[in-house]
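Okay, so here's the structure we're looking at.
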Amino acid sequence: MCTRTGPTVNIGVSSNTTSFAPMVINQAINVVINQAINVEFTHSPARLQWFITATGIVYFAFAYFVPTISAMRNWLATSAALTLAYDVALLAILIRDGKSNKQKDYNVHGSPAENVFNALGAVAAILVCNTSGLLPEIQSTVREPAVRGMRRALLLQYTAGAAAYYGVSVAGYWAYGSSVSEYLPNELGGPRWAAVLINATAFLQSVVSQHLFAVPIHEAMDTRLQRLEEGMFSRYNLTRRFFARGLIFGFNIFVTALFPFMGDFVNLFGSFALVPLTFMFPSMVVLKVVLAWISLPKHALNGFN
């Protein structure tokens, strides 16, 4: 419930979707990261499902011993260092490959209908990757003054973060053309050690990032199942947390191994659930809270817009 002097807004309609989104994101991350592992073991008899199971066990262990979002403070610097190492190494090889690759095709192939659906799928995937309901959770843990701290964090994310985020994508398109793989390290030339470094940092960073997406679900279950008056590492709470985490990751491993094309499902979920949630729900909140005292004609006009 989100209240303000005047009307009351019930935001419960989004709770099911924002709770389900981290589950889907966790499954999608599992698929993508196991592609990274598979790149390094292409000649191994092990199947992709084996790597998915092993990755799920690593995710489970991290979520078990780092149970809350507050406990992640010691891991944020590690995550940032892994991300920086990944970006620098990947950009260096992309620039090298781009200069040496003289045959680049930037034409968009396929029928107009296929191109439209591919573009919509890309937008849906972006929405899924950026919709986790974590902003209120993080905002409640930022030290005072919280608003200024959040503004600084958002400014950094939409400048330095966006430059790295889109810089890698643009460099990959420039280096390999329109036929570039959705997982850039699949295309890399360069020395073997660089490819191993890139895939290893991607895997290790995913251990932290997937937990950041899933931790609201973990904490909600812990609140219901554990004894709040006891410590997080009491015997009773450790046992309950073991089975709670095991249930979540067991389900995720099963679904991910059953549907290794989870990326397509992520696009589908983003199209039908998160596009309306991202664009329509905030408009409803604004109309309900900010425009509650505006005359009916203006209210209807804003609703139409």
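The chain as shown is numbered from 1 upward.
Glycine residues also receive a Cβ, built from the backbone N, Cα and C atoms like all the rest.
The annotation domain 'Amino acid transporter transmembrane' is assigned in TrEMBL to 35-289.
Among the features that TrEMBL reports, transmembrane segment is placed at 48-66 (among others).
Per TrEMBL, transmembrane segment is recorded for 75-95 (among others).
Long-range neighbours of the transmembrane segment (155-176) within the same chain, counting only residues 6 or more positions beyond its ends whose Cβ lies under 8 Å from a Cβ of the stretch, are 83, 87, 90-91, 94-95, 97-98, 101, 104, 106, 184, 187. Per TrEMBL, transmembrane segment is recorded for 155-176 (among others).
TrEMBL lists 196-217 (among others) with the feature transmembrane segment.
If you look up TrEMBL, you'll see 242-262 (among others) marked as transmembrane segment.
Summarising the annotation, TrEMBL assigns transmembrane segment to 268-294 (among others).
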### Query
For the transmembrane segment (75-95), what are the same-chain contacts with Cβ under 8 Å, counting residues 6+ beyond its ends?
66, 164, 167-168, 171-172, 174-175, 184-185, 188-190, 194, 197-198, 201-202, 204-205, 208-209
